[in-house]
Amino acid sequence: MQLNSTEISELIKKRIAQFDVVSEARNTGTIVSVSDGIIRIHGLSEVMQGEMIALPDNRYAMALNLERDSVGAVVMGPYIDLAEGMEVQCTGRILEVPVGRGLLGRVVNTLGQPIDGKGEIKNDGFSPVEVIAPGVIERKSVDQPVQTGYKAVDSMVPIGRGQRELIIGDRQTGKTALAIDTIINQKDSGIKCIYVAIGQKASTIANVVRKLEENGALANTIIVVASASESAALQYLAPYAGCAMGEYFRDRGEDALIIYDDLSKQAVAYRQISLLLRRPPGREAFPGDVFYLHSRLLERAARVNEEYVENFTKGEVKGKTGSLTALPIIETQAGDVSAFVPTNVISITDGQIFLESNLFNAGVRPAVNPGISVSRVGGAAQTKVVKKLAGGIRTALAQYRELAAFAQFASDLDDATRKQLSHGEKVTEMLKQKQYAPLSVAEQAVLLFAVEFGYLDDVELNKIADFETTLLDYANRTNAEFMRELTQSGDYNDEIKNTLEGILNNFKANNTW
């Protein structure tokens, strides 16, 4: 068969005319090295800081180091099978996580994917993990309380909605227990809770989930998990992901509470990433921006005003303020609060609850040290009744600590000193509280009233706990309506004072404990 050159050229021209190519601009690069979860990529000339880079098998890395001839990125997840020469590409997107009410009651990972085996999550949308905090004009002062249910905290170190209150102490001093009890106490308050577990054992997290479920608080809580077995990248990003989920409620005129357990482990994960990326180390080998790591996170916890909420919701929600309260946890080594990360977070937050191992081992639980625990803004948010009745507690404890130190060397003490020591011991005993047993405002008011007006003076020290249990049972049984109203209003006036006086007089006259 002989081919005609004219026919061939016509056929080629026809094919060329019919050929339609769709041009697609793709910013691609090649992996040049993989080590310890860090990949170096050649190419990607248009990549952004913090951009998600698409890897093979539907995985992602986050661009952190933008250098002259390469990009340093941290892999989100397993990296064992990544190899030199693999092609990657830019996505043009910053990391986002799902947000919405569908996350309540669920356990998710850093990327918002469910890990509790309860099926898909119906989210209301996505939110970037890194968001600029509300400005000065958009904020409102803190004047509403967050009740922890702990007498020692609500009376001496009150927390307000929109506040950042640090929980700091050595390992095994009850930091997580305080945070979990605070979540349990919110189940009827309308405050949505987010618990971010960073670098913890999976068994510990499972225990927390079980306790919240047993106490009926899981339905009101989102649990974000970056366990010890997760990559450093996911541990570093977990607090930001949890914060984005909490901001969903804050920006819609609702109240949310977020607990970061704990930011020491997040700082260690960030240090690991920074050293692997060959960033210059500073004090304690942390990178230079470790302060910014925590400040940009904790500044997002705020109380925002009505205009902010109205503008954000485009007029759907009017006349409501929103808040995100943060309780970051920091673990100290041998009580050293002057280390790098603890001092940073103390300077960022609005106060700290310092839990002391000596007090914890002595049986004072919660082991709050009233001397160096402080709340810088919570006083304005404290309920009126607790504020009025708890005024003398901190002073009594301070005087007791001072006198107790001298009393060790003095053999004979005068009556006034003995009385003060006895009062201090009884106040310390009264502030002790069991785990998973938060008290209402009214119950705290009854006990504080008993301390303030000397109803404990004739009660033996070893009988204080029994006295407390029997008194609360009596008050709730005989004055249920009054206790309910006092918890709701938190008010204090002559009428309430007389009622409290009547409860205690009747109780002491008719009850044994």
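Using the three backbone atoms N, Cα and C, a Cβ is placed for every residue, glycine included.
Residues or ranges marked as ATP binding site by Swiss-Prot: G169, D170, R171, Q172, T173, G174, K175, T176. Non-local neighbourhood of T176 (ATP binding site): V208, D261, I329, each in the same chain, at least six residues away, with C-beta under 8 Å from its C-beta. DSSP assigns T176 (ATP binding site) to a helix.
Around S373 (site 'Required for activity'), the C-beta neighbours below 8 angstroms that are at least 6 residues distant in the chain are M156, V157, G351, Q352, I353, F354. Mapped onto three states, the DSSP output places S373 (site 'Required for activity') in coil. Under the heading site 'Required for activity', Swiss-Prot lists S373, citing sequence analysis as support.
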Across the binding-site residues (R171, K175), the Cβ with the fewest other Cβ atoms inside 10 Å is that of R171
CB contacts under 8 angstroms to T173 (ATP binding site), restricted to the same chain and 6+ apart in sequence, sorted by sequence, are L355, E356, S357, F360, A367
Long-range Cβ list for G174 (ATP binding site), cut-off under 8 Å, min separation 6+ in sequence, same chain only, gives L355, F360, R365, P366, A367, Q435
